[in-house]
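For reference, the structure is listed below as structure tokens.
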Amino acid sequence: MSGPPSHEIGMLYSLAPSVDMKSENIEDLPSESIPTTNHCASNYFYAPECPDIGHLRALSIMNRWTETEFVISDDLRDVSMLTEEERYFYRFLFTFLSAADDLVNLNIDNLLGLFSQKDIHHYYFEQECIEAVHSRAYSIIQLMLFDNDSLARAEYVKTSLNSPAIQSKLDWLNKRVIECSSIAEKYILMILIEGIFFSASFAAIAYLRINNLFVVTCQINNLISRDEAIHVEASCCIFKNYLMGPKPSIGRVQELFKEAVQIECAFLRTAAPRNSQLLDVEAICSYVRYSADRLLKELDMPPIYNEPKPTADFPLALMTASNNTNFFERRNTAYSGSVSNDL
């Protein structure tokens, strides 16, 4: 598959600058980015330091899954049931999610240099592992939507990554990364990528399940969205409790959230099929605003929109962490534990 343009990879890498520990001018590095290197005995064995992050790592481990557990060919019959516009829309969503997920995974290595705590390192190792599963799952789903024509998929990806809807997200991130005054502000941008810029896509895919379409794809979407809920909760926890140095003001964080929500809703409205009965665009935009308020509360900041919780018939409400299984699902994808910020 043709990869995203190199400037996009550079943009996401710049979200968490790596630290060159070989630098002779260590005093020139920002103090907030210099990890602790004390040569004490605890450097050479594991000792719990971050119980909250340790809990999220353990939750992620309990709920490991792989793409090989699912038979995506069961969904092939449903491809022909989509209109041409609907098929284009879902191809577009999975192209975006696949590219963004891969780039987030590339960026995790750079995050490790910001922290000395082994609990945080171990958590990020676990996140890298499951993000790789997401990447492989997205690739399988993409091929299904292109009738297993890998050349057609590659050509489409090459073109769609330059679409205005995706470029608006990348351009905004580029601009904001350049303007960032601290690593903490860049960390907020990472929270927005996984917490806001994925949310409309997850919801739009979930609408397929209430129409008994793409059952296996929806099961995978279920698991990926729950994994990302853990990742975002961990990012909020690390930002609040373990990221040293100056942090952006509440006003600045709210400004970034407002802009991200506007871009995500515009992304959906631009790409969504106009005459489809499958999804409710305005309900999804309401969910995006609700997600923003929820994340701000997770960061101990006041909400912006005071958006109500989605109603019970909103499809992502089926993706709770409790042991519930949709009537149409043939494999139970209930999580072993609970995610505190889930619906």
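Each Cβ is built from the backbone N, Cα and C atoms, and glycine gets one as well.
Per Swiss-Prot, Fe cation 2 is bound by GLU131, GLU228, HIS231; the candidate from GLU185, GLU194, GLU259, GLU264 named for the same site is GLU194. For the Fe cation 1 site, Swiss-Prot lists GLU131, HIS134; matching the candidates ASP101, ASP109, ASP147, ASP149 against that entry yields ASP101. The Cβ of GLU228 (Fe cation 2 binding site) lies under 8 Å from the Cβ of GLU194, GLY195, PHE198, PHE202, each of which sits 6+ residues away along the same chain. Between the alpha carbons (Cα) of HIS231 (Fe cation 2 binding site) and TYR138 (active site) lies a span of roughly 18 Å.
The binding-site residues considered are ASP101, GLU131; of these, GLU131 has the fewest other C-beta atoms within 10 angstroms of its C-beta. All protein chains included, HIS231 (Fe cation 2 binding site) registers 25 other Cβ atoms within 10 Å of its own Cβ.
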